[in-house]
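A short write-up of the structure that comes next.
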Amino acid sequence: MVNSYTLKRLLVAGLLLCATNTFAQTPAKPKPNWQNLDLKADGMFGISTEKAYNELLKDKKPLKVIVAVIDGGVDVNHEDLKDVILSNGKEIAGNGIDDDKNGYADDIHGWNFIGSAKGNLQYDNTELTRLLKKYWMKFAYATPETLKGEELKAYNEHEKHKAELQKQRAEATQSLQNISGFKQALEAVQQAIGIENPTYKDVMNFVPRNQVDNRVREIVLRMMPEYKDFKDFKKNVVDEAYQHYNEKLNYHLNMDYEARDLVGDNYENSNEHFYGNNDVTGPDADHGSHVAGIIAALRENNLGIKGVANNVAIMSVRTVPNGDERDKDVANAIRYAADNGAKVINMSFGKPYSWDKKVVDEAVKYAVSKDVLLIHAAGNDNENTDDKIFYPNRNYEDKSGAAEAWIEVGASGFKDDKTLKAPFSNYGKNTVDVFAPGVAIYSTTPNSEYTNHDGTSMAAPVVSGLAALIRSYYPSLTATEVKELILRSVVKIDHKVNYKVGSKERSITFADLCKTGGVVNAYNALKLAAAKSAAK
């Protein structure tokens, strides 16, 4: 699922309940392009990309590298992306013929595995909901006394799923009530101020009429500086949170909702590959466009932002709906990317349940065999992934090992202090490899717009951009060699950072948060890459 990236909007209900005067403080804001800046030179804990370009890459010529963005879609016409979108010259656009004989007609910019000639799938269930539906009739009248062995095990798992779904629906219902109340109160304050788009000063000067007004005012003053203006704050935090919880109840956690028929595949056949359409943007390309911009937005066009890599072709493989991605689609997306020239695959999605891990594992093995490096976001639940499993992951279900050409990425902030670990980021001493910038990342969104998002979804493409940069300037290096260089070149963190266990804040070393104990660094990695390449 990708729709958990705008984390602030989902915290509003909690903020309303716990607002205090601290919300009136203006939060620290990072410098523009901070993820590419240098800690020593700029005071921002970025990955030193600009330093690397200025000092290491000036007189070198890169080769173009294809990076697959497996996501919810990419706006291929965005002003800062259109010139870095893959264009398949072997296909004749719009003729409905598979000119390059790869099984996918008119795949100019990539492929869409959640669409058909009928249109595009936008919403889907969570995997939890789908698993519950799968066994609903089988266990509807069953009792544990009548079952044994594998059937009893499956029944007990089904009962756990049922309880979890009920819990999640109850939480979503309560959150929707909270955000609805906040939305109503915010609009009442807006009306009382008497201005459609009040400034920060207008809100500051507003005299609350009651305690609810006071809470609303505090939250707006705390969060509004992170957005363009009041309207942008309301849209990206309040309205989207309201929409999110409605979507959870109407689609994600709704046992009666079923949309897969639109795709037209045989979903029970995980080995079916050729379905979908060539609309790689889809109905909601916000998340995928943001990811693509972090990797490869044009650096020298004086527009918008600067991507990490400067000679990339973005392949959009639309796979992730508003809901949980399906394993069959993920497997096909990985295979499609590997077969059509991608050398790096970015996967900024994940879920706590899996329908068919084996089919994804086989696709990962296939991609690794074709020298592809897979980059995956660790997730935004502040969970220890050593203890709690999320999917997809590098470990093969058949116990045959783990994918070597795989990097698992947590999210870090812009300050070199106790707040360096992003509060939402998953972590794991044995399961997360590195951390990378994932807080207040400004990047591309549909219709040639830009905005800030938080999440490991933003940290993973920072690493994908770095991997593409290395493979572009040092093409003789293999996927596993590039991974090794990225891991070896991190900036080690020698101080403790904050993290939460339940409601309690504790401190921890970075070595206990990830395998390398550090944050990725482009300058260091490219120096190692130059030496490694020269020694070949």
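The backbone N, Cα and C atoms fix where each Cβ goes, and this holds for glycine too.
Database features, via TrEMBL:
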ACT_SITE  ASP71  active site, charge relay system
ACT_SITE  HIS287  active site, charge relay system
ACT_SITE  SER457  active site, charge relay system
DOMAIN    64-501  domain 'Peptidase S8/S53'
SIGNAL    1-24  signal peptide
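A separation of roughly 7 Å, to the nearest angstrom, links the Cα atoms of ASP71 (active site, charge relay system) and HIS287 (active site, charge relay system). Of all Cβ atoms in the shown protein chains, 33 besides its own fall within 10 Å of the Cβ of SER457 (active site, charge relay system). Classification of SER457 (active site, charge relay system) by DSSP places it within a helix. Here the Cβ of HIS287 (active site, charge relay system) has 28 other Cβ atoms within 10 Å, regardless of which shown protein chain they belong to. Separating the Cα atoms of SER457 (active site, charge relay system) and HIS287 (active site, charge relay system) is a whole-number distance of 8 Å. Neighbour density for ASP71 (active site, charge relay system): within 10 A of its CB lie 30 other CB atoms from the protein chains shown. A helical conformation is recorded for HIS287 (active site, charge relay system) in the three-state DSSP classification.
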